[in-house]
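**Q** Structure below; questions to follow.
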Ligand code: ADP
Ligand code: ZN
Ligand code: ZN
């Protein structure tokens, strides 16, 4: 056996694992994650390393492999625990150890923390005044100006002095030499949370909130660490509950991580945490630079903060004494990584909590099928919060059958019901959200005569028409001018098919010329901060109507919105994904949750071509239980997660023939394993998009009742792929319980 070791992670680029021999006396004690001392380089310099795992064969020239010198007894540093977590992730999600380590460990970036410099006045006021008079007498203007500023404010920013005051460094040095001031510098770790007023308001918890808070506290004090699922309607006060739970662990000297989908990580949310925990809170988001992110990680490690809020990657915050991980909106697909290792933040959080004796809280108005299934089996503690915290009613929902609208001669995308409710709102000065699960000006271009759809030549997806008239591929960015004649049959009846957000915006402007309309989708939020600007403009009631894609229905609190229109509920329903019913139910419920957050009652109009579909019916009735019961029966019947476990084997390659042969062999290999294990093999099939940037893709699905069976199959397949050179030109990846295929 050989030990795999990474060395000195704080300083070296994390790009290689080294192998070392294990001395006999250490053999029984050595564990992954342990800190060891190893000889390194030509001079056999003794350096620190971490054991990441063990291998049976050695990748290097055996005569050159050195031995581990000793185990460092300090042991359980945070790195150690994160390395153990990385090893677990590699095991559970595939990929290499390096890929897992890079996901989990904070890696120092080239960009260093900013050095902040300032000038400090060393003289007393009286001495200063005398000196100032002296400079004035000598007509030393710059010196006088600087001293005057320092007398007004004894500590000045270096940038301010050299910028606004226009003082040069020699002048500063001269005053320093005369003992007037001191030039100080400090390494500051940037804190991205702007200082705000810290005023905590007191609320009286509802009995539902009280029950969860007390339950958690009792468990916590009794040393019981569990996973809790809070199923609470939007506005039931889940966030207040999380903050109270965090308070409990922080009180006991431990830290908390709060995961929030990036899109819902609003200023409002951050400020609520900031008000409660002051500058012991930090946030992580994609707008921070790599250096800033590293700084935040280091602040966490040094114990300068207690609470880290951020998207998926914040899960790996190196807190020395983690007490709690909260995952808000736990059903969100963004908690699953689309890069190797394709980990799910929920499962990984539960694993980290297990290693570090911490608790996990999952919260959602529409829990994922996985979490509810586990809660019902007793693996998680389930709490239900059925009522809104501030006496508001749940919104009233209408379902409109769009086929009937068509029959009645309404060919527009706004049903009669929606139009009349909009009119009412505009008269009363209340706000409206129109929601469409699609981006861009419009959908695909098709021929009404022969049905031909214009597709990207590099990806098998349809091109979308943008307002300028160009046709664009959303996968690879390919563009071409708009087509006027069908390339298949020559017909002139070719055009855009479905409505997009831009088209709805225009339609609303035409129908309600008096209304002010804002639009929020991928196209209007490309610029930095555009997202926040649109939302705050709408929150400040600078517009009557907000039209947008799913990014508008998450997490925001607009008290004056009393009407939400879902324009085409079916858009997320008919995709070739077994989760489409669940996705649709979640989106519709979230959209409904946007209406009536203030004092007035909200109304929701769901427009659909399939009003009889159970996901739409349950969403309209705001009945999670009805949805769950129906959906779980279907998953059990068809053997989909969470009833069974599913692994996708993704194969990709430039040569389609080679890819197909490779897939055939892979499938045959899995069928041979199947003789010994209860497996079901489906495919190879073309995934939704079967060619991206001229690379062909195929997928094989493998189902099994147990997750560990799939891990075993993955391990065997990895070995098989490695020893057969036929796979060299193919790229094969594994995806457990995939989200987007
Ligand atoms: P959720 O996270 O479940 O959507 P929030 O915690 O955001 O709910 O609560 C919704 C709103 O109600 C927030 O403005 C919050 O401050 C307020 N709120 C929550 N609990 C209470 C309470 N017990 N009393 C008064 N207001 C509350
Ligand atoms: Zn045609
Ligand atoms: Zn393309």
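Cβ coordinates are placed from backbone N, Cα and C, and glycine is handled just like the others.
So TrEMBL lists the following for this protein:
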type    : residues           : note
DOMAIN  : 219-385            : domain 'Helicase ATP-binding'
BINDING : 447, 450, 486, 489 : Zn(2+) 1 binding site
BINDING : 456, 459, 473, 476 : Zn(2+) 2 binding site
DOMAIN  : 477-648            : domain 'Helicase C-terminal'
**Q** Using CB atoms and a 10 A radius, I'd like the single residue among the binding-site residues 456, 473 with the highest neighbour count.
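**A** That would be 456, with the highest Cβ count within 10 Å.
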**Q** Would you identify which of the binding-site residues 447, 489 has the most other C-beta atoms lying within 10 angstroms of its C-beta?
**A** 447
**Q** Give the subset of the binding-site residues 447, 456, 473 lying near ligand 2, defined as CB under 6 A from any of its atoms.
**A** 447
**Q** I'd like the Cβ neighbour count for residue 486 (Zn(2+) 1 binding site), meaning other Cβ atoms within 10 Å of its Cβ, all protein chains included.
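**A** Excluding its own Cβ, residue 486 (Zn(2+) 1 binding site) sees 20 Cβ atoms within 10 Å.
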**Q** DSSP on residue 489 (Zn(2+) 1 binding site), three-state: which is it?
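**A** Reduced to three states, the DSSP call for residue 489 (Zn(2+) 1 binding site) is coil.
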**Q** To the nearest Å, how far is the Cα of residue 447 (Zn(2+) 1 binding site) from the Cα of residue 456 (Zn(2+) 2 binding site)?
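**A** On Cα coordinates alone, these residues lie 16 Å apart.
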**Q** What's the CA-CA gap between residue 456 (Zn(2+) 2 binding site) and residue 486 (Zn(2+) 1 binding site) in angstrom, rounded?
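**A** Distance (Cα to Cα, whole Å): 15 Å.
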**Q** For the domain 'Helicase C-terminal' (477-648), what's the mean pLDDT in this predicted model?
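**A** PLDDT averaged over the stretch: 83.
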**Q** If one measures from the C-alpha of residue 489 (Zn(2+) 1 binding site) to the C-alpha of residue 473 (Zn(2+) 2 binding site), what distance in angstrom results, rounded to a whole number?
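**A** That separation, Cα to Cα, works out to 23 Å.
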**Q** Which binding-site residues from the list 447, 486, 489 come close to ligand 3, meaning a Cβ under 6 Å from one of its atoms?
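**A** Checked binding-site residues vs ligand 3; nothing flagged, none.
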**Q** What whole-number Å value do you get for the CA-CA distance of residue 486 (Zn(2+) 1 binding site) and residue 473 (Zn(2+) 2 binding site)?
**A** 18
